[in-house]
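Participant: When I checked TrEMBL for this same protein, it listed these features:
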TRANSMEM  C:31-47  transmembrane segment
TRANSMEM  C:59-78  transmembrane segment
TRANSMEM  C:108-126  transmembrane segment
TRANSMEM  C:132-159  transmembrane segment
TRANSMEM  C:166-190  transmembrane segment
TRANSMEM  C:202-222  transmembrane segment
Amino acid sequence: MAINWFKYSAPTTFYPLAGKLIPWFAISSAILFAVGLYIGFVVAPSDATQGEFYRIIFIHVPSSIISMFLYLIMAGYAALGLIFNTRLSSMMASAIAPTGALFAFISLWTGALWGKPMWGAWWVWDARLTSELILLFLYLGFIALHASIDDPRRADRAAALLAIVGSVNVPIIYFSVKWWNTLHQGSTIKYSGTSMHIAMQQAMFTMLAACWLYAIAIALMRVRSIILEREKNTKWITELAEVK
Amino acid sequence: MGLDIWMRENPLTYIWVGSYAVAFIIFAVEIAMVIHKRKITLQQVRLMREASEEE
Amino acid sequence: MKKLSLFSLLLLVIRRDLVLAMRRRADVLTTLFFFVMVVSLFPLGVGPEMDMLRKMAPGVLWVAALLASMLSLGRLFSADYLDGTLEQMLLAPQSLSVLVLGKMASHWMVSGLPLVLMTPVLGLQFDMSVEAIGVLMLSLLLGTPILSMVGAIGAALTLGLRGGGVLLSLLVLPLCIPVLIFGTGAVQAVTSGLNVSSHLSLMGALLVLALAFTPWVTAQALRISME
Amino acid sequence: MLEVSNLACSRGDHRLFSGLCFALSPGQIMQVQGANGSGKTSLLRTLCGFISPDKGCISWGGTDVRELAEDYFAQMMYLGHLNAIKDELSALENLRISAGLSGMELSEADAIAALRRMGLKGRERLPTKVLSQGQRRRVSLARLLVNDARLWVLDEPLAALDVGAVALIGELIREHLAGGGMVIFTTHQPLVVAGMEMRSLSLS
């Protein structure tokens, strides 16, 4: 069956579709959070070396992973918007940015909380934490640039270019930070790795899925507001049920 | 040092209050902000529509 | 009338910007003074222990160079933007990327090269060894052009915006981190008796990469900002 | 040569014009008219490719200008509100550099001749910051003399000019049209081009 993807790339069809999808994503995200927390705190045993503290990784690792992927997805949407001049993809990019930044922040926060009992310091210049911090700066740069340009089209295009340059730079930054870290014999976060208990893995994957669904739901909610705002002069917006 | 000892004695509370609660508060704030934004935008759109209908 | 070749176009832009910089010397000198001053403030802030200063020197000089180049980046396109020359550049029938490359090159000669030349004096303030100063100069020589080139993208994106200068630093500084790491890493390697060629060749690779892509990206950014 | 079809352009939320169609053939001149804010400058900037239109197409010799890109830029020249001259440079340096930016190597003798024709005799080597507004505009307009572009896009070329200079511009445009050139311009002052039919396009 051939699906006409272009049909869904128009704000007119995407807006109601997103509205219908949001509750599903939100509800399944909430259920998975509950399941993940149950497995993570009740089923999974405490770790031999780290005691109970390792349980932070159920939120720390998913938020790190998601913050990195969201940057790439955001850059991808931004690039689509820049190249094919599609309005919706630029809107998606600016809807994803705040969520990505918040996940980066959560990852840093939980990383610090995990570091305190492990190393006795809130902040350690570990390669992964440092890269995460730089990632947060990149998100903030994207948001700040988008916010300081008044003309929405120029804002979209300028921020898109920045996101593309940033995503090309992310691997370079990551490897240089990693290299810098090994040079200075810094400590590197090591998770239980291969010896991870099956329940720990289940908890981690459930939480990861829950976070993904949350990120999708919130990004869709935000993009609906952006669509409303940008297209407020068009006819179809004034005919929407919620506007009347 | 008080915190260090307390932390070792109550690891689960430390984890819960320190990371999970913070994460969920952040999520809640984000959701509230998005809902608020939608309300404001809808209001604006309605105002625009009424203004154009009066013309 | 003769058609200009791309290379002579490049030289024309470089020469023009250098002449303009020479006629507005104050701008060039402020950047240099800023660099010297920031570097000189560090011993006052952290105390005069020579051991610690010697260890800190490469990082301090590199960060100061980074900040000094941010300071001058705001001017890279703004004068041309305000007097309309940028419009004419966008209509250049030859390559806009070449014009941009010329502007990057002259920006480096005006704001990067003086810092490199100033380094030995400042290195002595920090009691650095001769080899360390040599490597530091070499790493700055390879690295400051990258700062000018990556910075040009930010300068083009923030053209004509309110608070452009601060925003520019926010956008560009994270992108410059690898340069900082390899630059200071090279000096630390030489002081601890390790081989510096790997750091410097990585820096060289970054320079080649920047040369290949940044002029084009900056040209696109300028087109976006002129709309 | 220059064809514009169904062009629409907006600034922010505000639609400036839409469904704009016209064509310009060699030897023709067109004045864009309209009140302030009607989009005259935006139209000219769209023709230069600074602004990408919302809808419609601009073609040059039958090909979309976005495809031609630099080949199109080689055949047109734009004079905007801003003079594009540097205060620190002399009139001569300014003229030679702007010719250079448009890809031409201009000899000193040619540049001086052009500046003299613009009535700047004796001021060629002064820094432009000591010149008056009108004289600076003349330096900027001297580019018309040292360019072989076929299409001139002039935004308010007569601003700050005295009667003599206006007459001179009229003459320059007539020569350009006689040589098969095209001109599209905006103005708030009357411009007489002897013996040429002046077309007009009004934006409302």
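The backbone N, Cα and C atoms fix where each Cβ goes, and this holds for glycine too.
Tell me what's around each of these sites.
Facilitator: For the transmembrane segment (C:166-190), same-chain residues at least 6 beyond its ends with a Cβ under 8 Å from one of its own Cβ atoms are 57-59, 62-63, 66, 70, 73-74, 131-132, 135-136, 138-140, 142-143, 146-147, 150-151, 153-155, 157-158, 196, 199-200, 202-203, 206.
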Participant: Any chance you could find the range in C:31-47, C:108-126, C:132-159 with the most Cβ pairs under 8 Å to the transmembrane segment (C:59-78)?
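Facilitator: By Cβ pairs under 8 Å, C:132-159 leads among C:31-47, C:108-126, C:132-159.
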Participant: In the same chain, which residue numbers or ranges, 6 or more beyond the ends of the transmembrane segment (C:108-126), come under 8 angstroms Cβ to Cβ?
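Facilitator: Beyond its ends, the transmembrane segment (C:108-126) has Cβ neighbours at 14, 17-18, 21, 28, 31-32, 35-36, 39-40, 43, 53-54, 56-57, 60-61, 65, 68-69, 72, 132-133, 136-137, 140-141, 144-145, 147-148.
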